[in-house]
């Protein structure tokens, strides 16, 4: 429809209350969508873990079918690192014992963080996603249907006298019916927004529970470390006593070639032909890939720390397949696919917009 005015008459207008209700629903929809995205990013900044969190089935977790979210927590990785090096240092090392204490605490923090992710997914993310996929989508369907019937009614109203009155009456009834259905669905959504307050409260409760447990774990660790410092300071310090040096007899010099005197090998003058053949032959490397597709060059070495990340060396040329967000790319190298940070590479051929 180029214009809603046909024959100089103005189209049917919706009342101000309806328009105000429609505006509030639109704002609610935008708020829920962005809060959902930011909540998932808050729980898991790593894009690979974020994708796994989104796909997590919390029902199976509640039934005990899943023991963890399926991705490592940064606290757990730190704890494993501390424990590994603490064991290498051994029980006689104050630092080694302290690393073991800290590592166990970090692993406990990772378990608490797992619980936070599960609780927030179940009681906050899932209900909001359900609101987007069902209630808000249903309202948009009703509004779209209402708009179509409004235009149909206006068109037939302009042709009044040329079409049967019954056809015009039916168009009006359908328009009013759709308007009532859309109003009812929007009204129900806005009047029951206390449910979203309840879900937000569940998010805060989960955060509080996580931080309470985290504080308890860290308080216990801090007390252990202070006790170790007190015990170490009360023990007498062992003085370093160098061992006496043993005399070293140089003896008679021996010939390394069985007693025969060493002679200097004659120098061979390098000919021009020898020098030209002495140049190293370059072999193709990962940094010499064709640049006819989206790609980037590694500025630094990147060691993957989480599942789904792509490791590479300085100078590698990586094929770009997708941009996850403003900080992470997805790409391929030597048949391997994964995520990597934008700050580690220089884009050679950008992805198509």
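Heads up, the Cβ atoms here are built off N, Cα and C, so glycines get one too.
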Labelled region 'Disordered' by TrEMBL, one stretch among 169-228, 229-288. Can you tell me which?
229-288
What else in the chain is close to the compositional bias 'Basic and acidic residues' (230-248), if you only count residues 6 or more beyond its ends and a Cβ gap under 8 Å?
94
Could you give me the DSSP helix, strand and coil counts for the compositional bias 'Basic and acidic residues' (230-248)?
5 helix, 0 strand, 14 coil
